[in-house]
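Student: Sharing a structure, written as structure tokens. Questions coming.
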């Protein structure tokens with residue numbers, strides 16, 4: 001029985017899930033965000049975005065002070081009250097942004113792969129790509145443990161590129177709009193498990209978990225959740241989980257924040 005009163009954590013992707021993919025609107029989800037906040041249920045944002053972007057969005061959504069997962073799990077922003085935890089305020093796993101950038105530049109120069117990273121362009125270009133304001137676009141460039149890029153080569157070359165990255169201890173991950181390179185050991189699932197374990201250690205009881213996402217890069221997160229909402233998305237590959245028991249997994253009919261609301265309506269009324 002899923003109840004808003006029980007110890008509960010909600011993990012949510014942003015673009016295409018809690019935020020509309022085009023307008024970044026989140027208002028359809030606002031009533032549920034208010035209910036969860038009033039019930040002291042943490043909503044933990046989990047995204048490919050930088051921690052700087054996510055802290056801005058966290059404040060806008062009324063979720064400030066809570067932990068969050070940035071850069072597809074390579075960065076964990078700790079909760080404000082977790083100041084005694086080693087690494088406060090952020091835990092960064094694996095290879096740094098600067099080191100990844102060096103690897104990518106070498107691969108591009110020596111093996112002639114075609115791609116454009118966010119480091120190659122200015123904030124005005126990123127604003128044009130994303131529809132963000134220039135000030136928000138500037139926050140997208142503050143990577144700490146990953147690189148975001150647009151792939152401009154063939155599928156065959158992408159397979160070769162992915163293999164080369166794996167050989168170098170890196171992974172190539174598809175997001176809602178862009179591709180991301182990060183340490184092979186990092187992931188939304190590992191970051192979520194760390195946060196769950198921290199809440200369990202602090203409270204003495206493992207919280208029930210509900211995750212929401214819309215893209216292939218959300219699958220690892222949703223796999224480790226007790227309950228999962230797969231929000232109808234734009235990505236042609238979709239999201240496929242090993243365990244799609246309908247008692248555990250709900251696929252929405254609506255997209256973005258409308259689907260986010262639909263998913264919460266389903267689990268809190270159906271259980």
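Backbone N, Cα and C atoms are what each Cβ position is placed from, and that goes for glycine too.
The active site, nucleophile annotation in Swiss-Prot covers 13 and rests on sequence analysis. Under the heading Mg(2+) binding site, Swiss-Prot lists 13, 15, 214, citing sequence analysis as support.
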Student: Once the DSSP letters are reduced so that anything not helix or strand counts as coil, what is residue 15 (Mg(2+) binding site)?
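Tutor: Once the DSSP labels are grouped into three classes, residue 15 (Mg(2+) binding site) ends up as strand.
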Student: Including all protein chains displayed, how many Cβ atoms other than that of residue 15 (Mg(2+) binding site) lie within 10 Å of its Cβ?
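Tutor: So the number of other Cβ atoms within 10 Å of residue 15 (Mg(2+) binding site) is 23.
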Student: Once near-sequence residues are set aside, which residues in the chain of residue 13 (active site, nucleophile), 6 or more away, have Cβ atoms under 8 Å from its Cβ?
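Tutor: Same-chain residues close to residue 13 (active site, nucleophile) (Cβ under 8 Å, separated by 6 or more) are 46, 47, 212, 213, 214, 215, 218, 221, 231.
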Student: Around the Mg(2+) site formed by 13, 15, 214, list the extra residues of the same chain whose Cβ is within 8 Å of the site's Cβ centroid.
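Tutor: Everything else in range on the chain: 14, 16, 17, 18, 19, 21, 47, 176, 213, 215, 218, 231, 233.
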